[in-house]
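A.B. asks: Before I ask anything, let me first share the structure, which is written out below as structure tokens.
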Amino acid sequence: MFTKHSVEIDWGGRPLKLETGKIARQADGAVVATYGETVVLATVVAAKAPRDGVDFLPLTVDYQEKAYAAGRIPGGYFKREGRPTEKETLVSRLIDRPIRPLFVDSWRNETQVIVTVLSHDMENDPDIVALVAASAALTLSGVPFKGPIGAARVGFANDEYILNPTLDEMADTQLDLVVAGTSDAVLMVESEAKELNEDIMLGAVMFGHRHFQPVINAIIELAEKAAKDPRDVAIIDNSAIEKEMLGIAEQDLRKAYAIAIKQERYAAVGAVKEKVMAYFFPEGQEPKYDKLRVAAVFKELEAKIVRWNILDTGKRIDGRDAKTVRNIVCEVGVLPRAHGSALFTRGETQALVVTTLGTGEDEQYIDALSGTYKETFLLHYNFPPYSVGETGRLGGTKRREIGHGKLAWRAIHPVLPPHHEFPYTTRVVSEVTESNGSSSMATVCGSSLALMDAGVPLKRPTAGIAMGLILEGSRFAVLSDILGDEDHLGDMDFKVAGTESGITSLQMDIKIEGITEEIMRVALGQAREGRIHILGEMSKALTAARAELGEYAPRIETFKIATDKIREVIGTGGKVIREIVEKTGAKVNIEDDGTVKVASSDGEAMKAAIKWIKSIASDPEVGQIYDGTVVKVMEFGAFVNFFGTRDGLVHISQLADKRVQKTTDVVKEGDKVKVKLLGFDDRGKTRLSMKVVDQTTGEDLEAKQKDAPAEAPREAAGE
């Protein structure tokens, strides 16, 4: 019934198996990849005919994690998987980025890649297995894919690189780097690092590239057994259109791309395009060419003009040379009520970044396959349509916004203080208010400034820069601080963030079929120069975290109580802790190990809450005097609440320094009194006294009598 084919190799000390022919046989390509006991299914389906009216590759990649893969049932009312999680969105992008450049340019058939995690062994992260499985499924599917690609995760610890570190090993590594590419070149890099230098980062990329070659060979071996026949792809000859267009548009386009200001340049380019369309599609005449083909040739002409001008003259669209960074203006404290804020402007790219400090109540609970954990640092990136002078729909967070936010998160995360030293939940929001290239790196710079403005003690300020590439044959130019046009018309988006000491995040996306080690080395060196320059400009606004938190930020005090006292502080059904919060206005968080965090922007409220909690969690001391409240009056005495929730009995004989006939002659319910703890009886009941305490001053009368000097004896008579 099944015609199965499989290939198995040893990879990084664990078996990697690729199998096809048993599951999802109606898909164009389907591969089950098993690494350790992590199992992933990747499927590829492409439409039979091209999609009408599109001039781009209609590719969709969806990565999904099933709860059953980890032996779990989803939470929530419906008990099934819902909208994609952040991890699923990020891995979908991780798969998309290296495969997209390898499709034949003219492929316009709707293509969908679905990758499903079927089993997770809690050791091997499914993302690398998903990349490998997707590459294999595409290679078998018959779609015009110029792969296969391989991928690997690289760690770095004890001055050694680690291939595909397990989840436990990742806890101790200084680097989390994912690299993907073909047998000849690197296509994609994504990483977070603890301030590592350029040589270590480049070494990690090349280490990963070398060590995923066996995976590429395994996919080729599987394809030789099971690949489908290649699909036919129409080869379109646009040379006639190009020849006519050069005559009517080249000079005008060159003039347009000499305009430095983005909106003016776009208007000039738009005018040239209107002229071209009017020429090729005159009113009342049958057009010779398809509109999409003409538009595609126009875009190619734009790219050629920009690219060759840079290679031939060294001059870019806005007049800069390859290494110059645009003018930078940094401001902090721009929003009066925010805990920390910064406005970072670089040329025509601008980010307003705001930091908010919260408490344990604000931590984000992440429900992952590997288990639930709490996240105390959140970074959110927003890209509204007005930032590029356009109208658009405002709605849910887009994939791009999630991806850019995570890139900035990776850049900042390594320089944050440990949570036990700075016990706040920190949320950073970047509002991109203007964009003309590298808004994610503006977010990194603005986030660093906003965090320091809020008083978050970063290890060092962090900056980011986006690099571009123009590659024609053996000639290339690496561009620092790229514009939006240089990003769209160039061959590489290479983003590097870090401190003066090293790199904290590196992300690279290649739009061609890969780049060499030499180009990456040049780009990293040039990026360091740019990063140091940007850090210098940022230092004009702020060089380190402010000594004090913002005026409106909550203060957090941390202390410990005995674990057997946690129940008393919380109370039945949370009654006690709710009362503390309601009456003091402070926020209280108690952890299982007895760590208590009290937060409030009001110092008096914080002191009151801390005193209340400590009074409950600690034991009263015999001989000490306490303020109390009479809570119940009996014939034999009065019960007084004197130590948190603790009550004790003042026997009728201890009410006053005289004979008392009735308890109510001295006290009634609600009276505020001062009591001394005498001790505990045989049953553990608390014994209190009022008569040995001055009810006005709180003075210990018993101790006063003991300390008083003895009366001198009278002199004998006649002496």
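Glycine residues also receive a Cβ, built from the backbone N, Cα and C atoms like all the rest.
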A.B. asks: Labelled region 'Disordered' by Swiss-Prot, one stretch among 82-110, 575-603, 691-719. Can you tell me which?
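C.D. replies: In Swiss-Prot, the region 'Disordered' feature sits at 691-719.
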A.B. asks: If you count, for each of the binding-site residues D487, D493, the other Cβ atoms lying within 10 Å of its Cβ, which residue has the minimum?
C.D. replies: D487
A.B. asks: Counting by DSSP secondary structure, give me helix, strand and coil numbers for the domain 'KH' (554-613).
C.D. replies: 32 helix, 16 strand, 12 coil
A.B. asks: Find the average pLDDT over the domain 'S1 motif' (623-691) in the predicted model and report it.
C.D. replies: 88
